[in-house]
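For reference, TrEMBL has these:
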| type | residues | note |
| --- | --- | --- |
| COMPBIAS | 1-17 | compositional bias 'Basic residues' |
| REGION | 1-20 | region 'Disordered' |
| TRANSMEM | 63-86 | transmembrane segment |
| TRANSMEM | 92-114 | transmembrane segment |
| TRANSMEM | 135-153 | transmembrane segment |
| TRANSMEM | 165-188 | transmembrane segment |
| TRANSMEM | 200-221 | transmembrane segment |
| TRANSMEM | 227-247 | transmembrane segment |
| TRANSMEM | 296-320 | transmembrane segment |
| TRANSMEM | 340-359 | transmembrane segment |
Amino acid sequence: RARPIARSPPHTRRAHVPPRVPSAARAVAMDTEPGARDDSDTARLIGMRASAPARARVSTVRLIGINAFMFGYGAWISSFAMVTLPSESTRFFPGAESVALGSFLFIAGASQLSGPWAGYASDRTRHSLGRRRPMIIKGAYVVTPALVMMFVARTYNEKVYAASAYYIGFTASMLALNVMYTAATGIVPDLIPESQTGEANGVLAAMSAAGACTGFVYTMVYPNLGSLYWFYIGLVFVTVPITCYAANEPSTLKGDVEDDVEGADGESSALDSKFSWRELASMYYISPTEETQKSFFWLFVCRTFYYTGISAQVFLQYLLRDTAVKSDGSKLVAHEPAQAVAFLSVIGQLGGMLCAYPAGILSDYVGRGAANFISC
């Protein structure tokens with residue numbers, strides 16, 4: 001007689017649960033051929049070997065939809081810095097507008113510190129909509145009333161607390177936009193295959209430049225800055241739903257397997273995704289000597305110098321107001337300096353919009369370093 005197979009009682013059986021990994025590692029693992037070892041920096045950092053079928057290529061139309069938010073972000077940030085803030089600084093603080101504009105830029109720069117936190121938090125988000133989309137939606141809930149608050153404050157700028165209200169609204173909007181931007185940039189490594197990363201980033205840059213051009217053209221056609229705030233709010237209601245629809249992330253609720261990757265050794269284990277202040281603090285430090293961070297450190301240094309250099313452009317409106325002369329010998333007045341800055345900015349952004357996508361595709365073939373060298 002055959003010996004019966006021993007079975008564990010139902011309550012002691014443990015279902016096979018694939019290990020949960022951070023999205024950065026997941027992005028690497030999902031691009032690894034079945035059975036292959038993942039020797040990337042990300043995989044080494046978390047001490048894992050992962051394997052999974054490679055992800056399918058994403059259509060260009062869907063890439064545009066995923067990066068729809070970047071269109072709105074480009075319109076907000078570019079026109080805000082070059083047109084809106086210089087004009088509003090003059091409106092609230094005539095005679096001291098340069099100092100006021102500098103304070104707004106300080107707030108905008110300091111708000112960038114929310115980026116590492118937003119990335120850390122979104123990596124650990126457990127939601128039916130995935131990791132990134134909940135952060136984008138919550139950011140929209142903040143930025144919309146913040147823009148309304150700024151509009152009301154600038155409308156009643158003679159009130160005692162109008163300037164303070166504008167500063168509060170501006171700070172809230174910058175924090176929310178940076179959180180949304182950080183979450184949106186995480187969609188590319190989450191959903192796009194490695195072989196298409198350059199193309200995806202090219203679409204991202206092109207959409208951002210196209211949004212900037214749209215914001216500047218709007219300023220040229222409708223110079224009344226009051227209507228510009230409603231334009232910003234309209235972009236929130238249009239671009240955020242498109243991005244959330246196109247970026248069809250799998251659920252990351254506990255028990256779902258779509259966001260999991262099975263280890264190469266065939267065993268299953270769950271990575272701890274609990275919040276850690278120590279780990280979060282480490283996100284704000286980049287080592288110039290550690291092999292896995294050295295390249296990113298120098299990228300950080302270069303971009304810091306780059307943004308330091310271009311920050312002076314926000315004062316261009318004041319330069320044209322004080323020095324530019326029209327053909328009849330008179331100076332620029334009222335909305336004319338802002339319109340002149342918008343016109344010059346459109347010329348610059350058009351180049352970026354037209355070249356970003358081809359450059360992204362080129363980098364997929366020749367490599368990121370070669371593409372950067374060619375652009376320099």
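Note: Cβ is positioned from N, Cα and C throughout, glycine not excepted.
Note: the stretches the transmembrane segment (227-247) and the transmembrane segment (63-86) are in contact (3+ CB pairs below 8 A, sequence gap of 6 or more). Contact count against the transmembrane segment (92-114) (Cβ pairs under 8 Å) is highest for 296-320, out of 135-153, 200-221, 296-320, 340-359.
Annotation: stretch 63-86 has the most Cβ pairs under 8 Å to the transmembrane segment (165-188), among 63-86, 296-320, 340-359. Stretch with the largest number of CB pairs closer than 8 A to the transmembrane segment (296-320), among 63-86, 200-221, 340-359: 63-86. Residues 97, 101, 104-105, 108, 136, 177, 180-181, 184, 187-188, 191-192, 199-200, 203-204, 207-212, 214-216, 218-219, 225, 228, 231-232, 235-236, 238-240, 242-243, 245-247, 313-318, 338, 341-342, 345, 349 of the same chain, all 6+ positions outside the transmembrane segment (63-86), place their C-beta atoms under 8 angstroms from a C-beta of that stretch.
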